Structure formats: structure tokens, C-alpha cells
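Here the structure comes first, spelled out in C-alpha cells, and everything after it is commentary.
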């Protein structure tokens, strides 16, 4: 049995998919897809014509299982969809790269935001929350994906079978809700500058509520994801090479419940939040555009502040757009697969899904990349942090402390060698 393991991963994603009737069983790839995705019970219950299954050895077998109504079935060799070693290697390298960049980058971002009290404004706290959800996804979901691409069965135990989709759903929910909160906060500050202003304490409360709501939304994955070996035990072969295999699959009370849940996820986890974010930033853009003439006549200090606000909003819009584009292919794929999977080419299920899922996972790299390129203060703080922990590199430059959300600021350097020596000794003491 070839290791087309990514079919199983279809059931570990945000819009989790359960049992759809597998109809085109004359196609060997479709049959394998049904087997790998945990639909074998429905498959056995359906009277079907002769099946051609992909098998590594050229030997043919007869499958006989009268209790399931399967009747006499032929197991023959087919190389219609041969596995690709180079494709698997490329996929593992790509996933590993995304995992490394996302983990290191987001960890640095959270550390830099948390290390100074002056940086703990509302926007930065929510950005740090977004990074925490990305770190969780990098630690739990991506390693599981990399491991399972090498396997033709689930080897990670029942706990990870339930926890992995739960964590991914929760992380994505926290990410999109954090982006919504950031958009609402910017909207309040710019549209109603003299009105109520959220404080850091409010942002901590919002973060706590966001995680609780995300956990609640993701609970079905803990309930309906199961680990079972039934599909492999029901095979009747001269020898059963799959007797010790198990798969991680969803078992919903009904198809209607599954479709209702996955459709709700698509709406409340992607479409509606992005629509709300679009409305907020559109109003912000229109308001800033109307203020353009006022800015041109304002003092230099006000002009600098206005330009800084525009750069902040531009950076946040880039984060939102990148998140939306990263998750769009997987959401489209899951929607098509959920409602009309027959339109997907049989031999390209794993390739299409891999591309969509990898693109979605690349969203974990958005935060550190955007901050690294657009936020000069982040670059300076990262450089200062590295120099503090490697004091032998030389005397680091000292900068005034600015919030990360102030994208561009005037920098005051301490040029005195005496001050530099004092700063160096203090920084070394904190390593």
C-alpha cells in the first residue's frame, strides 16, 4: 500500500471533513482515498463492482467478506498514481522551513514585546497574542504533518489524534479574532479619537475571552475524532499486512451535523471576520484620506505622527491580507471537497491539498516577516537583544524606547564611549 498519507490529513484541518459516500470505486485512487480518509465502513456497506487497488507488489489477491456484502473483489496492481519520493522530500523541507521560521520569528516577536513595559500597548499585546497562536500551531500541528507525510497510517496515538485538529482550529480562531480586535481598536482610535480608548488591561481581558471562545468552538474535534483499526481488520486477505494499522478519523452523529459545523466554521472563522476587518480598514482609509489636507497644513510634529499612523495601518493591513490569502486556498479546497469532492482529480488529491495546506501554514510566518521588514524598532530591539546575549560582539548602540507600533521614529544614539562602556556592562549583567 503506497504512502499517500496526505489523504488522511484532510481530516486534521480547520474545516474538518468526515464521511462522504465514495461512489466511484472503479477508480483505484478513489478507493485508496476512501480507505485512507476513514470512509472504509461506508465503502464496505455499499455493493460495488470489481475494484482495482494500488499495491506495491504485482501479486493479485481476492478479497472476500460476505458479512459486509462486499462479495468477491479483485486486488490487482496499478501504477496510475505512483508515489513521488522527490515530491515528499520537497514537502518535508517546505514544512520544516515554515515551522522553523514561524517558531523562531514569532518567539522573538513575543519576547521583544514582553521585555519592555513601554511596548505593552493594545496593538502590540494583540499582535503578541497572534504570534502565540502561531507558535502553538508550529509546535503541535506542523510536526505532526511532517511526520505523517512519511507514514501510511496513524502512529501518534489517540491523544494527538484528538488534540492536533483541536489545536489547529483553536489557533486559527485566535488568530482571526486577534486581527478583528486589532482592526476594531484602530477603528476606534482613528474614527473616534476623542471617544473611549481601550487600555492594555482591556486587551488582556479580550485575549482571555478570545482563547475561551476558540476552545469552545474547537471542542467537536475532541469529541468526534477517534482512533480505529476497523477498516484494516475488515479486510480478508491471504495475509493482512495492515492488521496492526490504525487511522485517525472523524465519526459524526450524522452527515447533516458535520456539514452544519464545517459551514459554520467557514463563515465565523474566515468570511465574516474578514468582512468586518475590511469594513473597519475601509472606514479608516476614507477618514485618513479626508484628513490629508489638514495634515499638509499641520505642524511638523503632527505630520510625523500622522505619517506614523498611516504606516502602522499599512502594516496591519498587510498582515490581514497575507492571512486571508494564505488561508483562502485551503478553505476553497475544503469547501469543494466537503460538498462536491468528485470534481477533484483522483491522482492529485494529495498534491492539491499539500499546496493548499502548506500555503495556510505559511501564515505563521507573516507576523515576524512583516515586522522584520516594516518595523525599524523591531529590528533595533532584536539587534540589541542579540548583542546583550553576545557581549563579545562589541558595544551595542543604545536607542530610546519606542512602542513597536511606532513604525518609524527618530533615533537618539549614545555616542559617548564612557556611556557605551556603562551600557555594555549593564547589559552583560542581564544575560
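Including glycine, each Cβ sits where the backbone N, Cα and C put it.
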Per TrEMBL, the range holding transmembrane segment, considering 53-74, 163-184, 229-250:
163-184
Candidate ranges 26-47, 92-113 [criterion: TrEMBL lists as transmembrane segment]:
92-113
What range among 283-305, 352-374 does TrEMBL describe as transmembrane segment?
352-374
Range among 125-151, 395-421 that TrEMBL annotates as transmembrane segment:
125-151
Mind checking which residues reach the transmembrane segment (92-113)? Cβ under 8 Å, same chain, six or more beyond either end.
119-120, 124-125, 127-128, 131-132, 134-135, 137-139, 142-143, 145-146, 149-150, 358, 361-362, 364-365, 367-369, 371-372, 378, 381-382, 385, 404
Out of 125-151, 163-184, 204-227, 259-282, 312-332, which stretch touches the transmembrane segment (352-374) the most, going by CB pairs under 8 Å?
312-332
Quickly jot the same-chain residues contacting the transmembrane segment (204-227) by Cβ under 8 Å, restricted to those at least six beyond its ends, or write none.
11, 16, 18, 125-126, 129, 154, 157-158, 161-163, 165-167, 169-171, 173-174, 177-178, 181, 246-252, 261, 265, 268-269
